[in-house]
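Q: After the structure tokens below, expect a handful of questions from me.
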Amino acid sequence: MAEEKKAQIGVTGLAVMGANLARNLARHGHTVALHNRSVEKTDALLAEHGDEGDFIRTETLQELVDSLEKPRRILIMVKAGAPVDAVIDQLVPLLDADDIIIDGGNSHFPDTIRRESALAEKGLHFVGVGVSGGEEGALNGPSIMPGGSAKSYESLGPLLEDISAKADDGTPCCAWIGTDGAGHFVKMVHNGIEYADMQVIGEAYELLRDVAGLEPAEQSKTFADWNQTELSSYLIEITAEVLKQVDAKTGKPLVDVVVDAAGMKGTGTWTVMSALEQGSAVTAIAESVFARALSSTERETRLEAQETLAAGVRENDTVGDEAFIEDVRRALYCSKLVAYAQGLDMLRTASEEHGWDLKLDVIASLWRAGCIIRAELLQDIMAAYKDGASPRNLLFAPAFRDVIEEYLPSWRRVVVEATERGIPAPVFSSSLAYYDGLRRPRLNAALTQGLRDYFGAHTYGRIDAEGTFHTLWSGDRSEVQTS
Ligand code: NBP
């Protein structure tokens, strides 16, 4: 009797992301075993797309496990959180040593670290995989950031690289990131950078609208032009598309009838929480998350503020000023660079803390295609970290340092203009503050330390001596060395 055909990989969880990844795998010639808690989704996928490749239909997790070649690879694409643990708990008793469970959802990296450790004790591999690119990416080629053990990548890597997006030079946008939760951590920071990238575009849009006086259709042309410059990126490209869209119902620009309250699903918040815990100054990402939170403040509060709070702004004399439009473009580029610099610095710090040995040039290379933050800039970021080069901060890389030097007067002018015109530009301005904070020879933190020592005996260091010191503020004000 002929040997029953086995699948190279199984996918459980066939909502939009799981279904599209399963189809992507099948389209690349892999036999894919399909499973979903409710069998309707499995049958719907087979009915609509069963001819796209080799699928094996299964109804139970036992059938799924039995349909796979060994070591088994099972991709879980269920809702992040408790459902992932529920599926793992059901799978574990059915598996053998060296089988690989893959979580391709948006799981929080501490959960991935916990799951990896628990499954390693049972001799199983658990791989948390960051997948970026949404539904479309999942089907046609996402950017893929796998963590887990190096050994699991030997078996899993070729499959994932096959279905990943390819950069212009043909390189797969998939590479092993590092152990346990490294993949999900990097995906989380990627999402944080995405928040900042969108926020700086939003700030530019608001300044072009309310200072330069450009209508959305005119702005669409401006963003399309900017997409031919060093700002060239997917997000700038689609900004031009969104701004030229006309609302069929009212005939107005669509952007003018969309409610100005931005939603979020939580990965930006996670990035900022982790940054706070590890002491990383990701101000651009944090301001972007807070800007969304502010936009979602109750309507009544915003209306009351508009009616009661003074504006204190000066007259606008910048309408139609071409030089100002170029200033905004340059400020956007510098602020975006700061957001990337901060995100990468967060990765560098986390890499040391978790022992991940993250390769920043490789990570930048994975974001060049398939994901939302794909941009020309990533090519320059890769170059900045190439061959083991490790600038302490991305902004120190000569290519970026020189551009910022040239663009700095524009950046400062835009922040001043925004401030004087009462237009919030939190990432433009906080990124400039970060840049200036980095380069200041003396920070006001010296006074903060004095205050902390005054009210809480928290001690301070001296610039001219080793050790820690405390001043007897309520006594004779003499200084004592405490260590
Ligand atoms: P959802 O996040 O909407 O989850 C739906 C799936 O989870 C269904 O297959 C459902 O089965 C299954 N499920 C649930 Br809910 N509870 C379960 C349980 N206790 N046991 C077993 N299965 C359970 O699907 P999605 O939108 O395709 O997203 C999947 C993952 O991908 C999520 O982590 C999401 O955050 C992530 N995601 C990523 C991107 C991206 O751009 N990378 C985009 C969208 C989503 P049922 O059919 O029986 O109810």
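Just so you know, glycine gets a Cβ as well, placed from its N, Cα and C.
Predicted, not measured: the structure shown is a model, and the values here were computed from it.
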Q: For the substrate site that TrEMBL assigns to SER132, GLY133, GLY134, HIS190, ASN191, TYR195, LYS265, ARG292, ARG452, HIS458, which of the candidates ASN106, ASN227, ASN393 is also assigned?
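A: The candidate from ASN106, ASN227, ASN393 that TrEMBL ties to substrate along with SER132, GLY133, GLY134, HIS190, ASN191, TYR195, LYS265, ARG292, ARG452, HIS458 is ASN106.
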Q: Considering each pair of residues in GLY13, LEU14, ALA15, VAL16, MET17, GLY18, ASN36, ARG37, SER38, VAL78, LYS79, ALA80, ASN106, all listed as binding NADP(+), report the largest CA to CA distance in Å, no decimals.
A: 21
Q: Roughly how many angstrom lie between the C-alpha atoms of HIS190 (substrate binding site) and ASN106 (NADP(+) binding site)?
A: 12
Q: So of ASN36, ASN106, which of the binding-site residues has the fewest other Cβ atoms within 10 Å around its own Cβ?
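A: It is ASN106 that, of the binding-site residues ASN36, ASN106, has the fewest other Cβ atoms within 10 Å.
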Q: Can you tell me which of these recorded positions sit near ligand 1, meaning the Cβ is under 6 Å from at least one of its atoms: MET17, LYS187, HIS190, GLU194, HIS458?
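A: The qualifying recorded positions are MET17.
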Q: List the Cα distance (Å, whole number) between GLY13 (NADP(+) binding site) and GLY133 (substrate binding site).
A: 18
Q: Just checking the binding-site residues ALA15, MET17, ASN106, TYR195, ARG292, HIS458: which sit within 10 A of LYS187 (active site, proton acceptor), CA to CA?
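A: Matched binding-site residues: ASN106, sequence order.
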Q: Out of LYS79, LYS187, HIS190, which of the recorded positions has the smallest number of neighbouring Cβ atoms within 10 Å?
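A: Checked LYS79, LYS187, HIS190; of these recorded positions, fewest Cβ neighbours within 10 Å: LYS79.
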Q: Under 8 Å Cβ-Cβ from TYR195 (substrate binding site), six or more apart in the same chain: what's there?
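A: Residues satisfying the criterion: MET264, GLY268, THR271, ILE285, SER288, VAL289, ARG292.
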